[in-house]
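Q: Just passing along the structure, written as structure tokens.
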Amino acid sequence: MVEMGSGAWLELGKGLWFILPAYIANLSACLFGGGRPLDFGKKLSDGRRLLGDGVTIRGFIVGVLAGAVVGLGEGLVVGDPWKAGDGFILGLGAMAGDAVGSFVKRRIGLERGAPAPVLDQLDFFVGAVLLYYLVYGWHPPGWVLVGLAILTLALHWLTNVIGYLLKLKEVPW
């Protein structure tokens, strides 16, 4: 078994603190979304919806705002209220990543609720980290990102199963 020193655990904890606004944005969109689809029902030339009914205007906005609120909360804890901007960027990236994931699923012929392993779990994570990097030119160390991606896969599975059992989701993935 590989042992991680306390410094490694600290870096992983910092990474989790960093990505928390994206996690909460993704969860908030699921819990409080619904309503009008972000794509307004539009179809592309292939006859398939642009995004589908699962990506909604309300969910997108709630997700972005939730990310900003979590960022603000983190900022208040560490004495830097500008962290709200980080939370906004991470929330926006998470919602954009989720929308891109839905776009890809529609293009390959998968309907809403159809499983797309890894894509379903990491689209918001990749979107958040990518947008943060594009805006600020920074991301956690590579090994921390890999650790967070693995943690995200596990947490996503767990929260989806819980959501399914609580009848908040139609499918457990």
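Backbone N, Cα and C atoms are what each Cβ position is placed from, and that goes for glycine too.
So Swiss-Prot lists these for the protein:
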TRANSMEM  15-35  transmembrane segment
TRANSMEM  59-79  transmembrane segment
TRANSMEM  84-104  transmembrane segment
TRANSMEM  118-138  transmembrane segment
TRANSMEM  142-162  transmembrane segment
Q: Could you name the stretch, out of 59-79, 118-138, 142-162, with the greatest number of CB pairs under 8 A to the transmembrane segment (15-35)?
A: 59-79
Q: Checking distant contacts: for the transmembrane segment (118-138), what same-chain residues at least six beyond its ends satisfy Cβ-Cβ under 8 A?
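A: Same-chain contacts beyond the ends: 19, 21-22, 25-26, 86, 89-98, 100-102, 104-105, 145, 148-149, 152-153, 156-157, 173.
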